Amino acid sequence: MFAPTVIKTPAVITLVVWLWRALAALARTVWRHPVACALVAVSGVGCYLVGWRITVMGWGVAAGAVSSWAALWPAAAVRVLVWPALAWWRLVWVYRWRWRAVMAVSGLGVTLGGRGYAPELVRVRCDRNTDRLTVKMLAGQADQQFAEAQAGLSNGFGAVSCRVFSPRPGWVTLTFPRRDALARVVPARPYPDAPTVTTVDVGIGEDGRPYRLQVHGTHVLIAGATGAGKGSWLWSVIRGLLPARRVGLVRLWGLDPKRMELSFGRALFDRYASTPDECADLLEEAVAVMHERADRYAGVRRSHVPTTQDPFVLVVVDEIAFLTAYQADKGLKARIGAALATLTTQGRAVGIGVMAALQDPRKEVLSIRHLFPDKVALRLDEPGQVDMVLGDGARDRGALADQIPRHPTDKSVGAGVAYVRLENRPDPIRVRAAYVSDDDIRQMVLKYSTAMASEVR
Ligand SMILES: Nc1ncnc2c1ncn2[C@@H]1O[C@H](COP(=O)(O)OP(=O)(O)OP(=O)(O)O)[C@@H](O)[C@H]1O
Ligand SMILES: [Mg+2]
C-alpha cells in the first residue's frame with residue numbers, strides 16, 4: 001500500500017493562492033466583458049464621488065440620449081447596440097454556460113493527464129437570424145471533427161442546425177440559426193438599377209440579406225427533386241441579367257427540352273431550342289462562338305470582359321438529363337455530351353457560361369457534373385445525393401438539403417431553398433431564391449422582350 005505524503009500547508013500560503021486566483025478571475029472577467037465591467041465601475045466611482053442620486057440621474061440622461069439617437073437612426077442602433085447586447089447575453093447564458101459540457105459530450109474535448117481541455121469559445125456575433133461563434137480549436141484538432149459533431153452541437157445549444165466553416169487554420173466558425181429567415185416566400189427581386197453581369201441578386205441569404213450569385217466566369221449546376229423550385233433559380237438569374245441584355249452586354253440562350261419552363265418567357269431569349277436536334281445544334285453553335293473567341297483572345301488576353309461586341313453568353317438548360325441521359329438517339333447524345341463538356345471546360349474564360357438544372361444528380365445522368373464550379377442543391381430525396389451535388393463532405397458541414405421541408409398541398413413550403421457551394425468557398429451557404437411568378441415573367445417579357453430591346457437600341 002502506498003499513500004501520498006500529507007504536507008500541512010501554512011494558512012498564509014492557502015490565502016495567497018486564493019487571492020491570486022480571485023485576481024486572475026477578475027482580470028479575466030474584465031478582459032472578457034469590458035463594457036459590462038466599465039458600467040459597474042463607472043456606477044461605483046460615481047456613487048463614491050457624487051452620491052447615488054446624481055449617478056442615477058446621470059445614467060437617466062445617458063439613457064435618454066441613447067434612446068433619442070436610436071429613434072433617429074434605428075438601423076445603426078440595432079447594429080451597434082442590439083446585436084452586440086444580444087451576442088453578449090447569448091455568450092454568457094447559452095454558449096459559455098454549456099460550453100465545456102457540450103464539448104465533452106460531443107467528443108470535442110479531451111482529458112490528458114487528468115486535466116480536461118476544450119476548444120476555446122472566443123467570440124459570439126449575432127444578426128437578425130443567426131449566431132456565429134468564433135472558436136479556437138485545440139492544437140491537433142481539425143474542422144472535420146467539428147463537422148462530424150454538428151448534430152451534437154446543434155442539439156447541445158438548442159438550435160435546429162449547425163454549420164461549420166474554417167476561415168483559417170486552427171480556427172472554426174460555427175453558425176447556429178435562431179430563426180429561419182427563409183421561411184417566407186421571397187418575391188421577385190427588383191431589376192438592378194444599372195446593368196450588371198458578374199453577379200446577380202437571386203434571393204435572400206440566411207442572414208436575411210440579398211444574396212448575389214456569380215454567373216460570369218463560372219458555370220452553375222442547380223439540382224433538386226421535382227417541385228423543389230429549380231425554376232425560381234433559373235428565372236431569378238434571367239431576371240437579374242435582363243437590363244444587361246437590353247444594353248447588349250449579355251446574350252441568353254435557352255435550352256428547354258421539357259418545354260415546360262423556359263418556353264414561358266421565350267421572347268427573353270436570344271436563341272432558343274427545345275427539340276434534341278435543335279439543342280445539339282445550339283450547343284455546337286456555342287462551342288463555335290467559344291472557339292472563335294479563343295482564337296482571337298489567344299496571346300492577347302486571358303479573361304473575358306463583357307462588351308457589346310463580345311457579350312457574356314449564358315446558356316440556360318432546364319432539365320439537362322433529357323439531353324444527356326434520357327436521349328435515345330446515341331449520335332445526338334454523343335454530340336450534346338461533347339459540346340457540353342467542351343463548354344464547361346473552356347467556356348468561362350471567353351465569356352460563355354452554362355447554367356443547368358437537373359432532378360437526378362447521379363453520375364450516370366450527368367457525367368460532367370464535376371465540371372460545374374458552383375453548385376446549388378435544392379431539396380433532394382436522399383442524404384447521399386447532397387455530396388453528389390455539392391461535393392464530398394458538404395452534408396457533414398451542414399448542407400442538409402435532404403431535410404428541406406415540403407408540404408403535401410402547399411407547394412411554396414421549402415421551395416427555392418437551397419444550399420450553395422461555391423468554388424472559392426467550401427462551406428455551404430443556405431439561400432432562398434426569389435419566386436418569379438408567371439405574372440412576373442409576363443411582365444418581364446413586356447418590358448424586356450427582344451422586340452422591345454431592339455426598339456430601345
Ligand atoms: N422560390 C420559391 N418560393 C416559393 N415557391 C416556389 C419557389 N419556387 C417554386 N415554388 C413553387 O413550387 C412549384 C414548383 O416549382 P418549380 O416548377 O420551379 O420546380 P422544379 O424544381 O422546376 O420542378 P420540376 O423538376 O418538376 O420542373 C411552383 O409552381 C411554385 O408554386
Ligand atoms: Mg422545372
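Residue 1 is the first one shown; counting continues down the chain.
Cβ atoms here come from the backbone N, Cα and C positions, even for glycine.
Per TrEMBL, the features are as follows:
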type     : residues                                                       : note
BINDING  : Gly224, Ala225, Thr226, Gly227, Ala228, Gly229, Lys230, Gly231 : ATP binding site
DOMAIN   : 208-387                                                        : domain 'FtsK'
TRANSMEM : 6-23                                                           : transmembrane segment
TRANSMEM : 35-54                                                          : transmembrane segment
TRANSMEM : 66-89                                                          : transmembrane segment
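Other than Gly224, Ala225, Thr226, Gly227, Ala228, Gly229, Lys230, Gly231, the residues of this chain whose Cβ falls within 8 Å of the Cβ centroid of the ATP site are, in sequence order, Gln359, Leu378, Arg379, Ala415. Taking a Cβ distance under 6 Å to any atom of ligand 1 as the criterion, the binding-site residues Gly224, Ala225, Gly227, Gly231 reduce to Gly224, Gly227, Gly231.
For ligand 2, the nearby binding-site residues are Gly231; that is, of Gly224, Ala228, Gly231, these have a C-beta under 6 Å from one of its atoms.
Under DSSP, Ala225 (ATP binding site) is assigned to coil, being neither helix nor strand in the three-state scheme. Sorting the binding-site residues Gly224, Gly227, Gly229, Gly231 by the number of other Cβ atoms within 10 Å puts Gly224 first. Long-range Cβ proximity for Lys230 (ATP binding site), meaning a same-chain Cβ under 8 A and a gap of 6 or more residues, is found for Ile222, Ala223, Gly224, Asp318, Ala357, Leu358, Gln359, Leu378.
Fewest Cβ neighbours within 10 Å among the binding-site residues Ala225, Ala228: this applies to Ala225. Within the same chain, residues at least 6 positions away in sequence whose Cβ sits under 8 Å from that of Thr226 (ATP binding site) are Gln359.
On the 0 to 100 pLDDT scale, the domain 'FtsK' (208-387) averages 92 in the predicted structure.
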